Amino acid sequence: MTATRHFSPLDRILIEAQHALGTTLGQARAERPNPAGELPRAALDPAERRHAAGLMRINHTGEVCAQALYVGQAAVARDAATRAQLEHAAQEETDHLAWCADRLRELDSRPSLFNPLFYAGSYAIGLAAGLRGDGWNLGFVVETERQVEAHLEEHLATLPPGDERSRAILRTMKSDEARHADEALAAGARVLPSPIPRLMALTSRVMKAVAYRG
Ligand SMILES: [Fe+2]
Ligand SMILES: [Fe+2]
């Protein structure tokens, strides 16, 4: 049984700010083991390592955005079940975030310096979606997850051939994202009207170009 606690608006702002800091500074802690496990650390040449780090940095930033989106949406979700679903998805995204951060460290690299900016932008989008109602909220989850799934597929194909550790992480993420989309659909997601998916794709193209470089 969970006790109902009353949070003042200031408490809520502090809790969300703490979450934002933890997420953007890369202090995420995974609840599940890293899928790369004991897979061998293949020797990558410098160009391969840079490319793998660029891709994993994109994925890390994508997870920062997913966190912010879901936290923003959950903050204004009307229905308790929708809120619980968003919070559960956000927890799995925390695993993804931690695994991507681990892999970036192994590749002698670091998360994007622009993550606080991406967090703030995605949080605002999440709030805006959430304020339009739970059908929209879930519709956003479906569209986000489908787009993430598509870019993970692309990364799986373009990672250096020897980089099985990154690939293992992305494969698990991809199957989690597909499940997040299916669950949101089953919970009554509405289909987002036409300019929105395109705008989301455009935003994510900008994010990918920036995060790949640093
Ligand atoms: Fe994710
Ligand atoms: Fe997801």
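Yeah, the Cβs are placed from backbone N, Cα and C, and that goes for glycine too.
As the structure is a computational prediction, the values presented were derived from the model and not from experiment.
The annotation in TrEMBL ties Glu145, Glu177, His180 to Fe cation 2, and of the candidates under consideration, Glu87, Glu93, Glu106, the one tied to the same site is Glu93.
Between the candidates Glu48, Glu63, Glu143, TrEMBL assigns the Fe cation 1 site shared with Glu93, His96, Glu177 to Glu63. Among the binding-site residues listed (Glu63, Glu93, His96, Glu177), Glu177 has its Cα nearest to the Cα of Glu145 (Fe cation 2 binding site). Take the binding-site residues Glu63, Glu93, Glu145, Glu177: by the count of other Cβ atoms within 10 Å of each Cβ, the lowest one is Glu145. Listed in chain order, the residues near the Fe cation 2 site other than Glu93, Glu145, Glu177, His180 are Ala66, Ala89, Glu92, Val141, Thr144, Val148, Glu149, Met173, Asp176, Ala178, Arg179, Ala181, each with its Cβ within 8 Å of the site Cβ centroid.
With His180 (Fe cation 2 binding site) as the anchor, the candidate binding-site residues are Glu63, Glu93, His96, and the one with the nearest CA is Glu93.
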